[in-house]
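Input: a single structure, listed below in structure tokens.
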There are 2 protein chains.
Amino acid sequence: MPKVVDHDQRRVELVEATWRIIARHGIEGATMRDIAAEAGFANGALKPYFPTKDDLLAFAFSHVFSQTGRRMTDATIGRSGLGALRAYCLEILPLDDIRVSEARIVIPFWQRALTDSTKAELHSSAMLLWRDTMCDHLREADTAGELRTTLPHEDLAGLLMNLVLGAQITAVLSPIENSPDRLVAQLDACIRLMAAGD
Amino acid sequence: MPKVVDHDQRRVELVEATWRIIARHGIEGATMRDIAAEAGFANGALKPYFPTKDDLLAFAFSHVFSQTGRRMTDATIGRSGLGALRAYCLEILPLDDIRVSEARIVIPFWQRALTDSTKAELHSSAMLLWRDTMCDHLREADTAGELRTTLPHEDLAGLLMNLVLGAQITAVLSPIENSPDRLVAQLDACIRLMAAGD
DNA sequence: ATCTTTTTTCTATGGTTGTAGAACCATAGG
DNA sequence: CCTATGGTTCTACAACCATAGAAAAAAGAT
């Protein structure tokens, strides 16, 4: 029998090479040849794992979402209410190199999703999940008396969603005015405005 | 003497054709041939006005920013403080077809700016201007006693900036949960949280 | 009516891309 | 040691793009 390869692991390898290329040279520079070279293979080696380029990109993008989502839920264990909400949002903000790279990947993804309904639905469902989780934490906070405002939870969650998504852009394209500590200050400002204590 | 053409007006015509193409088929489909066809010309007719494609895109993007900026400042005349701030932000939110189209153009622009420092600086300077204007209105509101919070104006302005930029994404990719009235409700929620009355 | 100059069209070219498929290689069992 | 087979590389190809430049058209001035 011939050399045997773990296909799933190889797929993840290729996806990580794709991330590095997109984060470094943008999605325009992410050609099949460059991705293969980054992973240490020749052009045609990708075909058995991802028959077409779109398959590769779709897998890469959904992998980013699941990775971020796992990190977010991990950050909330042992917390509830506004504390959980804050930890949840903090995990999306581009505060370190890894999450800045994720921002540099999600922005090209948005652009692709504009004309690709499959990618649009992937984004829509992921955002709906995040939004619902934020609503849950807001409800927890409300019943615990942590909330000062009586505004609908949906609007507050939508506000936070737009905040963290907008931060993906400003953190990358206006890093001076949106350094990590500024972004945290903005999030804390938003949460403190909702909180009962002040 | 030959046929005389208003070059500046022709340039604007071409830019508007470019918008329509990008809004309809995405930036990938915005080839020189398609843009020329949309404007009613042949491929090579663009060269005298925009020698290269990058010149065309740069002009198109800066035109969007100046158009939006003009609309924003127009909306604030006769207002001050939180009222002006609200009107200013309302003009950025993608609430009608025109502004949704603008969102469909600015998202590809962000993607391009990731690997094009010229576009990044264009974005950075435009955002800095908007941010400063928001700070001015916040200062007005503060001296007028409209503000409840003592948080730094810079963080509140940054918060609003991220809100309206994030809305560009959610309005296009999650339109159901972010319909125009929901977006306005989110903005009003944010402003009411900062306001004195409650 | 003709000429001159700007504007527009048309054709060509060099380069790059995604994809396909043939040739080659490495490895585990007989 | 041999062989069958999954994995990899290499080359090729068809399509597409931006751009350049020559050719044609248009329109006011003489």
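Each residue, glycine too, has its Cβ placed from N, Cα and C.
Predicted automatically and left uncurated, TrEMBL annotations should be read as such.
The annotation DNA-binding region is assigned in TrEMBL to A:31-50. Only residues 6 or more beyond the boundaries of the DNA-binding region (A:31-50), in the same chain, are considered here, and those with a CB under 8 A from a CB of the stretch are 7, 10-11, 13-14, 17-18, 20-21, 25, 56, 59.
Sorting the domain 'HTH tetR-type' (A:8-68) by DSSP state (H, G, I as helix; E, B as strand; all else coil) yields 49 helix, 0 strand, 12 coil. TrEMBL lists A:8-68 with the feature domain 'HTH tetR-type'.
Confidence annotation: the DNA-binding region (A:31-50) carries a mean pLDDT of 93 in the model.
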